[in-house]
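Here is what TrEMBL says about this protein:
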REPEAT    1-81  repeat 'Solcar'
REPEAT    90-181  repeat 'Solcar'
REPEAT    190-279  repeat 'Solcar'
């Protein structure tokens, strides 16, 4: 369960890393620095080169290896435990609760990789003299510890865990529920098309619910300490400052790249996960007509 969860997330990240970079750049922009996702992409390619779109890939993969491995492994384990004796899935509220528990555990484990990912993907927008210029995720982790202390790796852990509770309660429960609802219409069967449709529904719901806490998390993890004073005192300070200076709907700044990243990432992750579960049940457990299941 843990291995398949991590591999599914890492596989998806290889496809959507550029969108993660675009999302982070737009969320960190405090002015009209970037008007659209295409403007960010064009600017990055012109000023940093096309390969810069994959800046932070090593951190993104480590994040999936820690965060997604933990959250999907715990969720699929708890999902099976909460299912009925005949394999009946738990109700929606139970799924949401399981998602929250899995999300908090995954977020705590994955916060160091999250911090490095935010910093590496946003480095290119800083003036040359202020850039951190991490070589890769290992270099980033080592330098953060040596220059700022071990605790800095968990900077923003609380908003990260809060975001994970929202994301996982929305994503995992809505995916399970959407799949169940689509199957009940009689127009779908257990296949990749079903997983794709359920994933896109799940991705949209998750994007709307989680963007404000994601912006708070992103800005806290990228903030600098000036004369011992942090830029923000906490997640609520970030949200209040954004609303006051940039407007209420700025809490959903970068909606398009966020959904473009989260939607496909959700699709690819769940499709990979379902197919790996199905293959495991067929090849290793020897089940006939095995389904993906487990989520």
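Cβ from N, Cα, C; glycine included.
Residue counts for the repeat 'Solcar' (1-81) by DSSP state, with H, G and I taken as helix and E and B as strand, are 69 helix, 0 strand, 12 coil.
Per DSSP, the repeat 'Solcar' (90-181) is made up of 79 helix, 0 strand, 13 coil.
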